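Asker: Dropping the structure in here first, questions after.
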Amino acid sequence: MESGPESLQPLEHGVAAGPAPGTGSPQEGQQETRLAAGDGPGVWAAESSGGKGQGAAAGGRSLSDSASPAGSPQVLVPCSSLPRLDLKESDLESPAAQKEPVRGQHKVTASPETAEAGADHGLGPEGDGGARPDPAGTCQEESAAAGSSEPSSGGGLSSSCSDPSPPGESPSLDSLESFSNLHSFPSSSEFNSEEGAENRVPEEEEGAAVLPGAVPLCGEEEVEEEEAQVLAASKERFPGQSVYHIKWIQWKEENTPIITQNENGPCPLLAILNVLLLAWKVKLPPMMEIITAEQLMEYLGDYMLDTKPKEISEIQRLNYEQNMSDAMAVLHKLQTGLDVNVKFTGVRVFEYTPECIVFDLLDIPLYHGWLVDPQIDDIVKAVGNCSYNQLVEKIISCKQSENSELVSEGFVAEQFLNNTATQLTYHGLCELTSTVQEGELCVFFRNNHFSTMTKYKGLLYLLVTDQGFLTEEKVVWESLHNVDGDGNFCDSEFHLRPPSDPETVYRGQQDQIDQDYLMALSLQQEQQSQEINWEQIPEGISDLELAKKLQEEEDRRASQYYQEQEQAAAAAASASASASASASTQAPQSQPVQASPSSGRQSGNSERKRKEPREKDKEKEKEKNSCVIL
């Protein structure tokens, strides 16, 4: 609920927080104690005990001695209706509670004065309700029993029975000291208060020095376990919650985290958070590896509340509150995508939308490079001062027009959009290089995607947030030097680095290198075995000439080898032919000898006849062989 000018009354210490005239809460009978969690200062909403009927404000300083008369019921409004609550952090937390809590948990502290005031008014164990967590719904039942004029309290602390503001109304910005109070984004302490209530009971029984109903602070050895519990609780309550991995880099000689992206899509939340992380405006716990989208939103909201101006005029304050209210309404879109409508006349010219207020409040520049070259007159005339949405509508209307000039303009505008589908032109790249300041951290919009960008020594670099490079320590930035998107990877100091180390070269490339090396070795050994005289090769010969000579030598040896194979085949064929011929001549002569035995004279004649064809066959074979060799 926005606070009007007539209700802007400062709340001084020692004065009871009563309702301003005309600013009563519509649900005063069901209000409950609200505790601000997170890194910012905590604020307790002032409430009255249902048993005593007296108002007590719990904060860094006790307001029990207020100006309200004893015994008179006083209706106190929640934090959302307080017009201005300027409390310092030193007044809100006791010295014992200065220790920074582990992210994902929210510290709940109370000063000794507050504890004494709570005991006097029935807020402690001696009171009617005690300071223990109530199950969901008990706050409303006690409130109904006590009456609508006296808001009841089941204890001094409660986070499970929150009563959010009515839809359409945003809480006052001065009363929000932590982003966890926003009903749109429940904090991690609410998860623990509902789902981890049973886990806190044994710790209280063991004598842990923790307030009842509070989230206990864990030691360094329990950080990982508690983060896992918070992550599991967030997944249970928000099944569609996104989880992001954290990559730690050495940025300007300091260990700095960046949030990686698991899916490619429009996620301005990561681009904004990475700008704040690289600027050291937002810090994460050391060695944190996983973070949820809800935690990122909480970090961002706390930073927005911490950076609100303190000393400004009334008009500026009202304007800032209106902008903050509009920004809170669109914060949930940061996880999916913002409605950004570029104009083609400047790198920082966008059509005004509520989404752009987020960048203005965070003081983060937003750039794009989709510009029209002013030297091309027909495109300048066709596009004009239109935004992207207006240009699309103009193209549709021009196509349906009967005027040939309008049809031509629509065609030129359509060609411009088709030719610059990457949403980056060379003219826009030149304008970006000249506009972005040296060392500036900003957000770059291109292809419906938001990236973290910086400028180093006159060159633009985009932060590599792809989860695939999570373990690549030397791949941090990617150069933006052309419109094709084929930049070079660099490390955190903007030195060119390959995507992988030499030890982790792609296995297929390594196998190919090994095969080529083995082939070269085999050729070298073969050449050495054939006694190639390398001394005859001149020293100044080029690689091409050497390759030609080696190829000629190889061709000569191959032809010689083929000739030898042909000669061997011809010799084998002639030998088989002679064997078959001799077998055919021996067959008819052997039959008479076996049929009738002859005398010694006949046998001598037969032996002569056998020797003659043999000699003739040998002569024929010699002639054939000599012909083949020639």
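Including glycine, each Cβ sits where the backbone N, Cα and C put it.
What Swiss-Prot records for this protein is below:
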- Cys267: active site, nucleophile (ACT_SITE)
- His449: active site, proton acceptor (ACT_SITE)
- 24-33: compositional bias 'Polar residues' (COMPBIAS)
- 141-163: compositional bias 'Low complexity' (COMPBIAS)
- 170-191: compositional bias 'Low complexity' (COMPBIAS)
- 564-599: compositional bias 'Low complexity' (COMPBIAS)
- 508-560: region 'Ubiquitin-binding domain (UBD)' (REGION)
- Asp543: site 'Ubiquitin-binding' (SITE)
- Leu546, Ala547: site 'Ubiquitin-binding' (SITE)
- Leu550: site 'Ubiquitin-binding' (SITE)
Asker: I need the nearest neighbour of Asp543 (site 'Ubiquitin-binding') among the recorded positions Cys267, His449, Leu550, using C-alpha distances.
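Answerer: Ranked by Cα distance from Asp543 (site 'Ubiquitin-binding'), first place goes to Leu550.
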Asker: If H, G and I count as helix, E and B as strand, and all else as coil, what does DSSP give for the residue listed as 'active site, proton acceptor'?
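Answerer: SS state of the residue listed as 'active site, proton acceptor' = strand.
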Asker: These are the recorded positions: Cys267, Leu546, Ala547, Leu550. Which one scores highest on other Cβ atoms within 10 Å?
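Answerer: That would be Cys267, with the highest Cβ count within 10 Å.
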Asker: Roughly how many Å separate the Cα of Cys267 (active site, nucleophile) from that of His449 (active site, proton acceptor), to the nearest whole number?
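Answerer: If we compare the Cα positions of Cys267 (active site, nucleophile) and His449 (active site, proton acceptor), the gap is 7 Å.
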Asker: I need the nearest neighbour of His449 (active site, proton acceptor) among the recorded sites Leu546, Ala547, Leu550, using C-alpha distances.
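Answerer: Checked the recorded sites Leu546, Ala547, Leu550; minimum Cα distance to His449 (active site, proton acceptor) goes to Ala547.
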Asker: What three-state class does DSSP give Asp543 (site 'Ubiquitin-binding')?
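Answerer: Assignment for Asp543 (site 'Ubiquitin-binding') reads helix.
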